[in-house]
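Participant: Checked TrEMBL, it gives:
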- C117: active site, proton donor (ACT_SITE)
- K22, N23: phosphoenolpyruvate binding site (BINDING)
- R93, D307, I329: UDP-N-acetyl-alpha-D-glucosamine binding site (BINDING)
- 7-408: domain 'Enolpyruvate transferase' (DOMAIN)
- C117: 2-(S-cysteinyl)pyruvic acid O-phosphothioketal (MOD_RES)
- 179-212: repeat 'ANK' (REPEAT)
Amino acid sequence: MDKLIIEGGSPISGTLKISGAKNAALPILAAALLADGPVHIHNLPHLNDITTMITLLRCMGCDITIDEKLGVEIDPRSVNDLTAPYELVKTMRASILVLGPLLARHGVANVSFPGGCAIGSRPVDIHLKGLEAMGAEITIDEGFIRARTNGRLKGANIVMEKVTVGGTENLLMAAVLAEGTTVLHNAAREPEIVDLAEFLIAMGAQIEGVGTDTLRVHGVSRLNPCTFTVMPDRIETGTFLAAAAAARGKVRLTHTRAGILDAVLAKFEEAGAYISCGDDWIELDMKGNRPKAVSFRTAPYPAFPTDMQSQFTAMNAVAEGKGAVVETIFENRLIQVHELNRMGANILLEGNTAIVTGVEKLKGAPVMASDLRASASLVIAGMIAEGTTIVDRIYHIDRGYECIEEKLRQLGANIRRVPG
Ligand SMILES: CC(=O)N[C@H]1[C@@H](OP(=O)(O)OP(=O)(O)OC[C@H]2O[C@@H](n3ccc(=O)[nH]c3=O)[C@H](O)[C@@H]2O)O[C@H](CO)[C@@H](O)[C@@H]1O
Ligand SMILES: C=C(OP(=O)(O)O)C(=O)O
């Protein structure tokens, strides 16, 4: 297994280009299954999760051409296997996102049950209840979700009992080809859902209320080929900002959007960062100052994202003062604090709250990555620690960060990958 070796303490400054958003690209790739011809998708990030989704679509029979310049062309007309196998689903929970499109387009779907992961139990009951309300018959058999429908799915009035990103995406993708109108209440409003909706609209879907918590979808009988560019990754953006803030540095990020990071940028300002933004760039400058610890609570968009919690916890670890971090979305998403404490952090865990008292310096140590964003927090910690940090199990980080060590080296970090 590859490891990252980081010599801490290098000054951090420079300019970086942000990649396309993993969490928008994954549902958009799944939604390509709905089209009646080839779709062209640009700005897909080079990530293991994207490769997994492309492999999954190919297994189902999609004809896929990848061109570095022209993007990815997906022709779903040749789909002949309506199964998402365990081998792929177990490496990426977002495989569940093919359920809605397969059912809507082909009337049958067999998707391996995704199960939980390091960050929590992550059930999919709301996805399944919504599809049943649209007329699907669903059974769980040999670890598979087996869904079928007699004719087209039917429009329905669906109240989702929790705000779920994946649930909203699956039901939205199912509803666009259903017969009649579907109303999704208590929908998630994440920018990646807006991007997915814009992709579906570009294919001819009729969706009202995009960006709100009520999506009204008038089903159409077919969706057309289209060309689409994936939005920038707001979590990659926030992660590099957090690295610069923790290191008292300065960074300019291009090909991104400030408007999708309001809650995060407000917390950086509270931590003492000077933020300036343009149409497609964000600059953060600590002017050499130590960050101030901030308190926050994760919640669905537009509130503070759970996917930025661990990076802020790493910044708080070396900040001035004390911050309370409350994780409300996933029950296990504070596990990285144990590794941060091994590096000399002072973090007290009380249920779903981490009380972080900033220390002057962290000390390098061998640490173990347990999930994607936890890994990012350990890399940030390694960059600001005294001495050497070795981050093991970095396959997690490769799921969601494109060439992270190359990008961080561009900012001045002393970081290298060693094959394991
Ligand atoms: C690929 C992708 O986009 N992943 C993101 C997506 O994950 P994902 O779509 O899995 O997360 P959800 O928004 O669905 O989960 C939110 C909460 O709802 C619960 N829940 C969800 C579905 C369900 O049927 N029943 C249920 O109880 C989950 O266990 C969790 O506690 O949104 C999360 C929350 O912003 C992010 O951290 C992930 O990065
Ligand atoms: C939790 C994440 O991803 P996934 O839902 O794919 O596990 C994430 O992107 O932080």
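From the backbone N, Cα and C atoms, a Cβ is placed for every residue, glycine too.
Whatever TrEMBL says is automated annotation, not expert-curated.
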Participant: Determine which residues of the same chain, besides R93, D307, I329, have their CB within 8 A of the center of the CB atoms at the recorded UDP-N-acetyl-alpha-D-glucosamine site, and list them by sequence.
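Facilitator: Near the UDP-N-acetyl-alpha-D-glucosamine site, beyond R93, D307, I329, sit I119, G120, R122, V165, T306, F330, R333.
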Participant: Please report the number of other Cβ atoms within 10 Å of the Cβ of K22 (phosphoenolpyruvate binding site).
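Facilitator: That number is 26.
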Participant: Between any two of R93, D307, I329, the residues recorded as binding UDP-N-acetyl-alpha-D-glucosamine, what is the biggest Cα to Cα distance in Å?
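Facilitator: Taking every pair of listed residues, the largest Cα separation comes to 16 Å.
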Participant: 10 Å Cβ neighbour count around N23 (phosphoenolpyruvate binding site)?
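Facilitator: Taking all protein chains shown, N23 (phosphoenolpyruvate binding site) has 25 Cβ neighbours within 10 Å.
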Participant: Could you state the CA-to-CA distance between I329 (UDP-N-acetyl-alpha-D-glucosamine binding site) and C117 (active site, proton donor) to the nearest Å?
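Facilitator: It is 14 Å, counting Cα to Cα.
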Participant: Cα-Cα, whole number of Å: C117 (active site, proton donor) versus R93 (UDP-N-acetyl-alpha-D-glucosamine binding site)?
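Facilitator: Counting only the Cα atoms, the answer is 8 Å.
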Participant: Using DSSP, break the repeat 'ANK' (179-212) down into helix, strand and coil residues and give each count.
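Facilitator: Residue counts for the repeat 'ANK' (179-212) by secondary structure: 12 helix, 9 strand, 13 coil.
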Participant: Please give me the CB contact count at 10 A for D307 (UDP-N-acetyl-alpha-D-glucosamine binding site), counting all chains in the structure.
Facilitator: 25
Participant: List nothing but the one residue from C117, I329 whose Cβ has the fewest other Cβ atoms within 10 Å; the candidates are the recorded positions.
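Facilitator: Per-residue Cβ counts within 10 Å for the recorded positions C117, I329 bottom out at C117.
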Participant: Count the Cβ atoms, other than its own, that fall within 10 Å of the Cβ of R93 (UDP-N-acetyl-alpha-D-glucosamine binding site), considering every protein chain shown.
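Facilitator: Step by step: centre on the Cβ of R93 (UDP-N-acetyl-alpha-D-glucosamine binding site), count other Cβ atoms within 10 Å, giving 18.
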Participant: Express the predicted model's confidence over the domain 'Enolpyruvate transferase' (7-408) as a mean pLDDT, rounded to an integer.
Facilitator: 97
